[in-house]
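What TrEMBL lists as region 'Disordered' is 1-41. For 49-69, 81-105, 112-134, 140-164, 176-198, 204-225, 257-279, 299-316, 323-341, 347-370, 382-401, 413-433, the entry in TrEMBL reads transmembrane segment. Per TrEMBL, the feature domain 'Major facilitator superfamily (MFS) profile' maps to 252-456.
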Amino acid sequence: MTDDAHAPTSPDRSPDPTGTQTGARPPAGAPVGGEDTAGDRPGWVRDTVVFLGGQTVSLFGSMLVQYAVLWHLTLQTRSGAVLALSSVFGFLPQAVVSIFGGVWADRHNRKLLVIAADATIAVTTLTLALLMLGGADDLWLIYAALAIRSAGAGIQTPAVSALVPQIVPTRHLMRVNGINATIQSAMMLVAPAVAAAVYASADIVAVFFVDVVTAVIGIGLLLLVPVATVVRTATDGPVSYFGDLVGGLRYLAGHAFVRWVLVLFAVVFVLIVAPSYLTPLMVARTFGPEVWKLTANELAFSIGMLVGGGVVAAWAGSRSRIALIVGSTVAFGGISIALGLSTNLWVFLGFMLLLGLAVPFFSTPSTTVLQETVEPEMQGRVFGFVGIVMAVAMPLGMAIFGPLADVVSVELLLVLAGVALFVVVGVALAMPSGRRAVEAARRSATPEAAAVPSDG
């Protein structure tokens, strides 16, 4: 989630926590256009490293809490209903708030929104820690904290995604997003071990305190990055929040290419993420319930994502985003079928590694192409809709595939999901917007921003 850093800091680039800047150089994101006609903005590397470094620290603390809460509820209650409710409180508020979070990201300074969300989450976590130190252990306290943290993510996620193009020049977005994916994958490997060590040696309250510290560090680093409020296109008068929300929906309705990317993202997310969460069940049923086998399943996927993110960062910057999205979707389909047909554990683990490897080749160009294509003043709302998809797709997919896994084998579900992904690719490429995107990809190395912006 970071980029290389060698750019010196000059006196006219003093940090300004208000999001404005009076020095000779413009603050990040001041231009409303996305073209690099005058070259890369001076100091962007330093700003990118500081910003994404802070976000990485904050993400690490959040992941510790995620694992610790799951384990705590499992060990203390041993109740499937409790875990199900925790998932609802952990996902649903983000889906709801993302609707408005995207609008706020287009109306207000995105840096200040991220800081406010981080601070609210940190205060909530600190309050829960102090209450538990005082002896409170009611489940509703944990549910309430999960809901507030989820709502904060609904504000933070679209703001961060829309803020990155304000800092990073367009031609470097794929690389930076690839590094972002690599670091997130590394966190997936490291966070469970650290959370387990802290939770085992102390308790869940200690994990909460670690999260508060990481949030403070993340906020402090973000304060060092100058980020301007995006200049909005002139209108006939002030626009209400509801008017902005309707404007975002109209934008999606009229922008065939962006709509095509979002729909493809949503369908693929449902068809591949939910079945992949059932792979531990297949391992236990088919290969045996030993803990090391379940651990190997998770490690194979995480290592694959780690390697895939690195490859995307190092190699895919100049590649067609559409080709990567379509190619990785085809790979998802083939790998899903192969997983379902695997009869040997090591072969199965090999395909899990390949599945993880393919994920950054889909998620990174999907994010990048939206950052490159969508106008700066609309990116918050568009990424708000992306956040809704990400928050809803997992519960929706599990609601479909979970009960089916008790009726038919997981192997069959994986094969069917793979076949469905092939059908999705065919339908996507047959759509007019899909054909235009592919044609644009053939004309240019980074063509997607030139895709037809409307149905007309």
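Placement of Cβ uses the backbone N, Cα and C atoms for every residue, glycine included.
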Long-range Cβ neighbours of the transmembrane segment (49-69) (under 8 Å; 6 or more residues past either end): 1-5, 86, 118, 121, 125, 142, 146, 149, 160, 163-164, 167, 176, 179-180, 183-184, 187-188, 190-192, 194-196, 198-199, 204, 207-208, 210-215, 217-222, 224-225
Cβ contacts the transmembrane segment (382-401)/the transmembrane segment (257-279), at least three under 8 Å, sequence gap 6 or more: yes
The transmembrane segment (112-134) touching the transmembrane segment (204-225) per 3+ Cβ pairs under 8 Å rule: yes
Range from 323-341, 347-370, 413-433 with the greatest count of C-beta pairs under 8 A to the transmembrane segment (299-316): 347-370
In contact by Cβ distance (the transmembrane segment (323-341), the transmembrane segment (257-279); 3 or more pairs under 8 Å): yes
